[in-house]
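Quick look at what TrEMBL lists:
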BINDING   C:Ala10, C:Tyr11, C:Ser12, C:Gly13, C:Gly14, C:Leu15, C:Asp16, C:Thr17, C:Ser18, C:Ala37, C:Gly118  ATP binding site
BINDING   C:Tyr88, C:Ser93, C:Asn124, C:Arg128, C:Ser180, C:Ser189, C:Glu265, C:Tyr277  L-citrulline binding site
BINDING   C:Thr120, C:Asn124, C:Asp125  L-aspartate binding site
DOMAIN    C:6-167  domain 'Arginosuccinate synthase-like N-terminal'
DOMAIN    C:179-398  domain 'Arginosuccinate synthase C-terminal'
4 protein chains.
Amino acid sequence: MSEIKKAVLAYSGGLDTSVILKWLQDTYQCEVVTFTADLGQGEELEPARAKAKAAGVKEIFIDDVREEFVRDFVFPMFRANTVYEGEYLLGTSIARPLIAKRLIEIAALTKADAISHGATGKGNDQVRFELGAYALNPNIQIIAPWREWDLLSREKLMAYAEKHGIPVDMKHKQGGSPYSMDANLLHISYEGRHLEDPAAEAEESMWRWTVSPEKAPDTAEYLDLEYVNGDIVSINGNAMKAHEVLAFLNTIGGKHGIGRLDLVENRYVGMKSRGCYETPGGTIMLKAHRAIESITLDREVAHLKDDLMPRYASMIYNGYWWSPERIALQTLIDHTQSSVNGWVRVKLYKGNVIVVGRDSKTDSLFDSTIATFEDDKGAYDQKDAGGFIKLNALRMRIAANLKNRK
Amino acid sequence: MSEIKKAVLAYSGGLDTSVILKWLQDTYQCEVVTFTADLGQGEELEPARAKAKAAGVKEIFIDDVREEFVRDFVFPMFRANTVYEGEYLLGTSIARPLIAKRLIEIAALTKADAISHGATGKGNDQVRFELGAYALNPNIQIIAPWREWDLLSREKLMAYAEKHGIPVDMKHKQGGSPYSMDANLLHISYEGRHLEDPAAEAEESMWRWTVSPEKAPDTAEYLDLEYVNGDIVSINGNAMKAHEVLAFLNTIGGKHGIGRLDLVENRYVGMKSRGCYETPGGTIMLKAHRAIESITLDREVAHLKDDLMPRYASMIYNGYWWSPERIALQTLIDHTQSSVNGWVRVKLYKGNVIVVGRDSKTDSLFDSTIATFEDDKGAYDQKDAGGFIKLNALRMRIAANLKNRK
Amino acid sequence: MSEIKKAVLAYSGGLDTSVILKWLQDTYQCEVVTFTADLGQGEELEPARAKAKAAGVKEIFIDDVREEFVRDFVFPMFRANTVYEGEYLLGTSIARPLIAKRLIEIAALTKADAISHGATGKGNDQVRFELGAYALNPNIQIIAPWREWDLLSREKLMAYAEKHGIPVDMKHKQGGSPYSMDANLLHISYEGRHLEDPAAEAEESMWRWTVSPEKAPDTAEYLDLEYVNGDIVSINGNAMKAHEVLAFLNTIGGKHGIGRLDLVENRYVGMKSRGCYETPGGTIMLKAHRAIESITLDREVAHLKDDLMPRYASMIYNGYWWSPERIALQTLIDHTQSSVNGWVRVKLYKGNVIVVGRDSKTDSLFDSTIATFEDDKGAYDQKDAGGFIKLNALRMRIAANLKNRK
Amino acid sequence: MSEIKKAVLAYSGGLDTSVILKWLQDTYQCEVVTFTADLGQGEELEPARAKAKAAGVKEIFIDDVREEFVRDFVFPMFRANTVYEGEYLLGTSIARPLIAKRLIEIAALTKADAISHGATGKGNDQVRFELGAYALNPNIQIIAPWREWDLLSREKLMAYAEKHGIPVDMKHKQGGSPYSMDANLLHISYEGRHLEDPAAEAEESMWRWTVSPEKAPDTAEYLDLEYVNGDIVSINGNAMKAHEVLAFLNTIGGKHGIGRLDLVENRYVGMKSRGCYETPGGTIMLKAHRAIESITLDREVAHLKDDLMPRYASMIYNGYWWSPERIALQTLIDHTQSSVNGWVRVKLYKGNVIVVGRDSKTDSLFDSTIATFEDDKGAYDQKDAGGFIKLNALRMRIAANLKNRK
């Protein structure tokens, strides 16, 4: 590895990345550029600027990427009804490729030769950052301090911070949140500490974005979601941009106790890990997207998508957003969405997202003249079913005849 | 088709199959054997015996197949986390192969040369009955009256009944339930009438097995489910047989408003159809089974199962339970369940099934010494991740280098 | 089915379709339009015109569709390395959707309300014609004489012909070719008669397009095939159109005894059937296309294509070329071919197609500086492999530790 | 990594592993146990014993594992018609898990705490050895000298050998074979040197097991292969054990110029690599196994196997033989083979393996009474096909109607 002169750091302004900033300056004797993204995590970003400045950073990037995040990452993913291991909506996974892309873009802008991030060596995020970065710039150098340094416990980290005059705010001094958290417009996640025993129930106090179903309103609320090409474009008749859609759904979903999830997942690096997630808007979107597809998508196209979905989900979970195979699958997925137009009505109530109606003026393949239990006036000839069954049964009848002869 | 001397009819004792019974006797001049199954649909079966006798039937079979149904059909299906089109738990589909098998068995016992059923020519059930029957007896003759006769509206059916002295009970005279329904221990389903407009919300009065989440108790209830080889064997410490498990979960799930579903599905015969389902016990089982697998199943085995699941679900939905491909897949699925032992705790509350804990004394692959955010004392070497990422990125870096050279 | 006034018949001018022409006129009292396609089957088409005229046909379509056939059907299929059941190159299957499309186009042009074809009720071709036709015009009426009439043996057919003054040429009088054959630029196929015993070797005299390997030249021949976007655009430096490529490869492949195949396949209608095929050009194309992809396609993209290929092959075999699912898959396949540029050298010798070299100036992902067994001067750090293996092994080590503890 | 006291080395007696033996003794100051396997590679093994003794090895294992290799590894793999990337028969890949297993068994027997092998850090074999070893003994230590030492060129290796008095035989002194080779009963492989240019044709002198098709006999030879449960049990009526079958087919295949392959493959470690292979027996087995399955396997079971095959092949190629997912798939594959009984006749001629007949007395699903082009006397009702097509077309007709209305 050649000498590093300048590194772009994915910087939140929190304790960990503040320590990393200092550690990079000391260890590599390099200039550090900070990049702080507004992904809708709901935190003030200006303090990050002040802290970076105080640490001697000359090039500070603070970008509002919320619209890009939802429009170009979250929405494409939801077009596939993407769920990892039957449950997880990939809230953390889908933000990483955007950050990787911006790190590489900023490295090009600032002529930096390296990037750095605060993900640990045990998790998926290091993989997602680095696979993305390498795919976009194969010669970038990557510094992953958690895999290099010896500050492997919280105590050592705090000691390092204090020794180097890095401000440690109150919550860290008191032990802070017991959880390792990540947030963006799609979700907030919790890992670690109390959750490391998968047999134990998560504490109610942990959850931040949603009320418990018990505390949610006693009255249900209905939403009309309008779809164009598989994406929500308006809610209750109000046109919205992608990130506005998700922000709106998060607020209303959170209010109704929607989108909590507690699961044990399989990390790409080979271990099982327990995580809790709040994904209020995403939970509504998944349910509603399936509903609009149910009337606008051909059966075999829908089944093809279902068959490919777990693979697509793994690609995103494992960090292969910028891979040619993910892009190839996306081409197929996006192609299928041209007919996914119409509206879905959902009812939200105490943790439940209930689809109560769906229709499409332009693309509904639901044909009540055929499906009816009443007289269909010849639209469908029931006798056809006899031949259909006979030929589908033929191979099994031949086999059964053979068995009988034995 | 040769002459038919004796036919076994899947007979509920209701209006439709009573008309079919008479119609078979008249049209084919054949003897009719009736078969009525107790699948846990919650109806008295003895009236069916009396009606059959009154119609001149000499061989009447009324079987309690509840245990067989859940043990040999429902449970094996749930081992695969089976869901059709992302939502439907296959409650109707999974009962048909059992009925087909009993029809063929009874045909052998009674030396009948045909079987008959009351499924219409537009639906999936005719396919499921007949594919199953042909697979088990390739030379059986099958009479599907709905595809043969001209009684294609309810009015004509009622007129036929009255003309032939078939008792039409009050509910049919008044139009009866507006829905076409099917019930067994796994679910109850509703189709037709008001539901034929997929844009319209189902009426609250339709639902029979579950209260609405709004009317469910204000206090949550917890259940401890114990698994052996992927099947639930006890609840809250009480050992139960398969059908007792499902009956118990139905009762408690129904009480808590769990398991309602309103969807548009794609039938095997080529049309879209709107159905509403109540599957309280099944909804709990699906969620809990994923949870026990999450700690006891290897990642790649779990992903293999997830990749194959939609195909397995389609096999069942389309009526291929008795096909060699379903049996081949089942072999794989059952093989994977030998390590699926342990317990899951779920919380039931107003329509929500929330997994709050899971563990396995014998088969947990969750290793907190590795996954911990704290110092792991060398159980996992974070530096390994560097090489892991580098090699996984290699092909993308080579491609990116090529692109840069262009 | 409403009255039929005019039907477009897929007409070869041979005995079968001549009988059908007459039978249609008599049975339906309708006008018949004939459509004869030059798919490169190597037969004179003008006699068909004369015969149609003689039979009173007023609208006669004889189209040279060779270029369209190879460019828009065969080449797209070969981009996927498509093989049905591990062996069959789908020579018959891929021509049917083109014929279906032309039948529907001609029906629109001539204001015909029906189409008709000469495929039997036991085969795949009826399905391919009709699924294609229905997909392109859902209200078209289709007449499949073999499913309607009673001329179910060759004797009855000949009797009908003689009775109605339809010329029966010498070969039919003498029993003709013992095989049911189909030919187009991609292949010629043989079924029936002697082949109905799958244990018996096909007669050498049956094969028409290829010499036996034994009779092929004793000297090998080399070809340089140039690819652009996954399609061959020149051979030995000579630019060619799609159908010229295939015609050239057929000639040279046939000369070298390449492309014979004898197999038992599974028909969509449920039976097994023995067929023999000659596909000289296609056999060369399959081998060469894999070779050019081997250096220009990313590993995971190639594997995704491989995983989807059998499904894509079944779609074509079963007649779903014009289905939305085939088109969706094609979108993915075509997308992947943008980098499939370069050349492949093959050696042809007595039935063998041997790839001896391949390269791409613009898109080769083969990087000899990395793959070399010699000193790579740091292009690849062998130590990375340690971490790669360790993390890939982690889940199995955790499982093995658990097993040891038991 | 704790101190190593004793290591089991996969030892061929060649230059590389002789250097490794010495290097292990010097570097780790540990005792070395050698393991040399007779996999049918066709080399004398006793010299390895003498060399090991001379190097001071006290525990020397030389095992004839040929029968186990073919019976428990090669045959199970061929039951799946396994091919990697459309071409490669996995000859090297399938031997590694057996060696890994024996290394771990010998480590247990000799109370060794480590194993070692001579695979480089760039290839797949290190992964296969080590994943297997870790899966079987999660606490084994693994020494991969090529990833640790600095002898990264042939010159340095030779210098080390000479310095330490390791005998370097004539071929190495003269540069030896220009290729990196691997051989066992399934194949012999060539990589490196001249082959590192994928555009260049391999030299005829390279091939060792097969004559060129040009030099093969001018007369074809026929073989009758008998199958029981998917495995060949006799050839031309002579019962043989698994390894005898393969040895026989290698000899006769090699004589007829069968089984050469020249390809660029995608390694698991991320690079493309050019390899040449001779797999005479395996090439015959693949072709013949497909043929016996073509008449004994149900269509959907065969298609399920085809769909899963590339995944199964990747598992083996990537080193996951001992993984739970490979074992789960094997369960399915083996289950399907119970009906794969019968015989196949193949004709071998100058590089060609031509299936000319196949039959099964007990399990043939080929029913000529149905498939016949002649009058089938009612075995199949052609009218059934009309309904079959109509219902399969229904969803496309509904879609086309919608499109027309737009």
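Glycine too: its Cβ is placed from the backbone N, Cα and C atoms.
Neighbours of C:Tyr277 (L-citrulline binding site), defined as other CB atoms within 10 A of its CB across all chains, total 27. Within its own chain, C:Glu265 (L-citrulline binding site) has C:Tyr84, C:Glu85, C:Glu87, C:Tyr88, C:Lys272, C:Ser273, C:Arg274, C:Gly275 as residues 6 or more apart in sequence whose C-beta sits under 8 angstroms from its own. Proximity to chain D (Cβ-Cβ under 8 A) holds for C:Thr120, C:Glu265 out of the binding-site residues C:Ser93, C:Thr120, C:Glu265. DSSP classifies C:Arg128 (L-citrulline binding site) as helix under the three-state reduction. Pairwise Cα distances among C:Ala10, C:Tyr11, C:Ser12, C:Gly13, C:Gly14, C:Leu15, C:Asp16, C:Thr17, C:Ser18, C:Ala37, C:Gly118, the recorded ATP-binding residues, top out at 16 Å.
Cβ atoms within 8 Å of the centroid of the Cβ atoms of C:Thr120, C:Asn124, C:Asp125 (the L-aspartate site) belong to the same-chain residues C:Ala119, C:Lys122, C:Gly123, C:Gln126, C:Val127, C:Arg128, C:Val269, site residues excluded. Of all the binding-site residues in the list C:Ser93, C:Arg128, C:Tyr277, the shortest Cα-Cα distance to C:Gly118 (ATP binding site) is found for C:Arg128. All chains included, 27 other C-beta atoms sit within 10 angstroms of the C-beta of C:Ser93 (L-citrulline binding site).
C:Tyr277 (L-citrulline binding site) falls within a strand segment according to DSSP. If you check the binding-site residues C:Ala10, C:Ser12, C:Gly14, C:Asp16, C:Ser18 against C:Asn124 (L-citrulline binding site), none has a Cα inside 10 Å of its Cα. Least crowded of the binding-site residues (C:Asp16, C:Asp125, C:Arg128, C:Ser180), judged by neighbouring Cβ atoms within 10 Å of its own Cβ: C:Ser180.
Within the model, the domain 'Arginosuccinate synthase C-terminal' (C:179-398) shows a mean pLDDT value of 96, rounded to a whole number. In the three-state DSSP scheme, C:Asp16 (ATP binding site) falls into the helix class. Around C:Ser12 (ATP binding site), the C-beta neighbours below 8 angstroms that are at least 6 residues distant in the chain are C:Thr36, C:Glu43, C:Ala48, C:Gly118. With C:Ser189 (L-citrulline binding site) as the anchor, the candidate binding-site residues are C:Ala10, C:Gly14, C:Ser18, C:Thr120, C:Asp125, and the one with the nearest CA is C:Asp125. Residues within less than 8 Å, Cβ to Cβ, of C:Thr120 (L-aspartate binding site) and separated from it by at least 6 positions along the same chain comprise C:Gln126, C:Trp146. Long-range Cβ proximity for C:Ser18 (ATP binding site), meaning a same-chain Cβ under 8 A and a gap of 6 or more residues, is found for C:Lys51, C:Ala55, C:Ala161, C:Ile166, C:Pro167.
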